[in-house]
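Structure record follows, encoded as structure tokens.
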Amino acid sequence: MYHFFARTGNTNEYCRIRGEKVKRKWIIGLSCLFILFMTALFIYYFRKGDTSRWQVALGGIGASALPLLLLFAKKNPFNLPIIIGYYITIFCTIFLGSIASFYLKHNWWDSTIHFYKGILVGFMGIALYKLWVTEQARKSVSRPILFLFTLSLAVTASVLWEIYEFAGDQFFTHTMQRGGNKDTMFDLLAGTSGGLLASLYAVIRKPNL
């Protein structure tokens, strides 16, 4: 296939197609691995009668399967580091945070995860910007607009995650919002700080995006 694209002078298209295939393999592999892992946890805690943990594991199955939807997208905008970063988030929040009780054992865990997720969502915003705005149109997009778009996405994700934590504590785990309003504000500040870093990166790298 490479020789075909080389003869037509379109090696970039070959690299793009090959990159998409690699991403598909990683998504399928990691999704299957995490679904099996969360299913095993679900069965284990369900048999033990640990209601809060098997419910969290059940949610983990759904979260692990979510990236499979990208396989049906015409173009997957997210690169491999972002895809792997998503699964790291699942492992650190659902398994380590809720099931292994890191939220209770380590006071710094929740805010650290929020900071990491702020960076991750910020880079997702950069990927979506490159998908939705054509290369020609990007030249006319100002740096403040790109900065605000990336930061707003990260802040919105932090707010939605706090809503998820509140709902989860009301019905399932009772471990995510340990300090009430103070905990929520620290988490939002951490998520915003992570998004701020990603936004500054986007502004600096704008000519190359």
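Glycine too: its Cβ is placed from the backbone N, Cα and C atoms.
These features come from TrEMBL:
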type	residues	note
TRANSMEM	26-46	transmembrane segment
TRANSMEM	52-72	transmembrane segment
TRANSMEM	84-103	transmembrane segment
TRANSMEM	115-133	transmembrane segment
TRANSMEM	145-164	transmembrane segment
TRANSMEM	184-204	transmembrane segment
Selected stretch (most C-beta pairs under 8 A with the transmembrane segment (52-72)) from 26-46, 84-103, 145-164, 184-204: 26-46
Spatial neighbours of the transmembrane segment (84-103) far in sequence, C-beta under 8 Å, 6+ residues away: 26, 30, 34, 37-38, 41, 45, 53, 56-57, 59-60, 63-64, 67, 109-110, 113, 116-117, 120, 123, 168, 173, 175-176, 178
